[in-house]
Amino acid sequence: MEGSWRDVLAVLVILAQLTVSGSSYQIIEGPRNVTALKGSEARFNCTVTHGWKLIMWALNGIVELSLTSQKPIITSNRFTSASYNSTDSFISEMIIHNVQLNDSGPVQCSLQNSNVFGFAFLSVQVMGTLNIPSSNLIVTEGEPCNVTCYAVGWTPLPNISWELEVPVSHSSYYSFLEPGNSLRVLSVLDLTPLGNGTLTCVAEMKDLQASESLTVNLTVVQPPPDSIGGEGQALPTWAIILLAVAFSLLLILIIALIIIFCCCCVSRREKEESTYQNEIRKSANVRTGKADPETWLKSGKENYGYKSDEARAAQIASLPPKSGEVSLPEQRSSLPQQELDKHRPSPVTHPRVSFDIASPQKIRNVTIV
């Protein structure tokens, strides 16, 4: 009985010693963050003081590797260990082989009976593929063309650039996500080649010194003879816009000139018609004035010194005839009577001559004021 109690007491003492001794161990330096490429290896180091009894490695909260002073305890072939001793510390290394995307997460290093832990984070990146629709491109010399490079299956999305081994007069490129597919990025190269060469699309990982490239051949041919000076010499966009604006302004100017010309013609015709009508009116007025002089007299003043011919004739007729006055027969006698007088013998008397002064010719003067 006493022997059994002694054995139990010895075990308790040993456990107490392990607990006390284990609690005095420390982690000097924990693991550091690692970014690894899918399919590669990831290494984590944990530095502790001497005298340790048990070191445990956990990934995403699951212990994948344990290490005692005698040997490591391995739960998976993807996880192995290495160790390094120094004068004042011990370094334990956990190696993760063939890293997968789902391995991304926290990594923990801990000691038995210790509340001190070392933490790090594992980031896994995936290198996808590059694709250019044609590996041999044939373009026309001096004509703009574009080449598209597709990056598919990259995590995270890469940075895409171009390497040109061909003489060009102009080159530029831009990248963007494919609409409807956030895991596919496109890069478009615009260039104007002048000779043969190669084009290389390069995709680089953001946090790793890793890249993928794809090269295509570019063959430049001469433009066909019928296109020289024609389609091959197409005007730039700014020149086409300038010509369109110039033609529009010219058309507007022509329309305005036509409108002005028509207005001038109509105005001139109306003026000629108005002048012609005025001339007609003047001619009519002149004719009317000649035919009806009373209209002229109405515009003048009355001459009170004027006497009519009838009044003078009546005054002269009332005077008695003077002696020795000879009167001629009136001209109003008929022609037969005159013939008879010619055949009759006339008495021998002195001829008598009379002058009709009753109606001398008068000139009527009108004074117009």
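Numbers here mean position along the shown chain, with the first residue as 1.
Placed from the backbone N, Cα and C atoms, the Cβ positions cover glycine too.
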Between Asn159, Asn217, the N-linked glycosylation site label in Swiss-Prot belongs to Asn217
Which residue from Asn45, Asn85 is recorded in Swiss-Prot as N-linked glycosylation site?
Asn45
Which candidate, of Asn33, Asn102, Swiss-Prot gives the annotation N-linked glycosylation site
Asn33
Among Cys109, Cys145, Cys201, cysteine joined to Cys149 by disulfide in Swiss-Prot:
Cys201
Swiss-Prot tags one of Asn196, Asn365 as N-linked glycosylation site; which one?
Asn196
Between Cys46, Cys262, work out which one Swiss-Prot annotates as bonded to Cys109 by a disulfide.
Cys46
Students should find that the Cα atoms of Cys149 (disulfide bond) and Cys109 (disulfide bond) sit apart, in Å rounded to an integer, by 43
Nearest-integer angstrom distance between the alpha carbons (Cα) of Cys201 (disulfide bond) and Cys109 (disulfide bond):
42
Over the domain 'Ig-like V-type 2' (128-217), what is the model's average pLDDT?
92
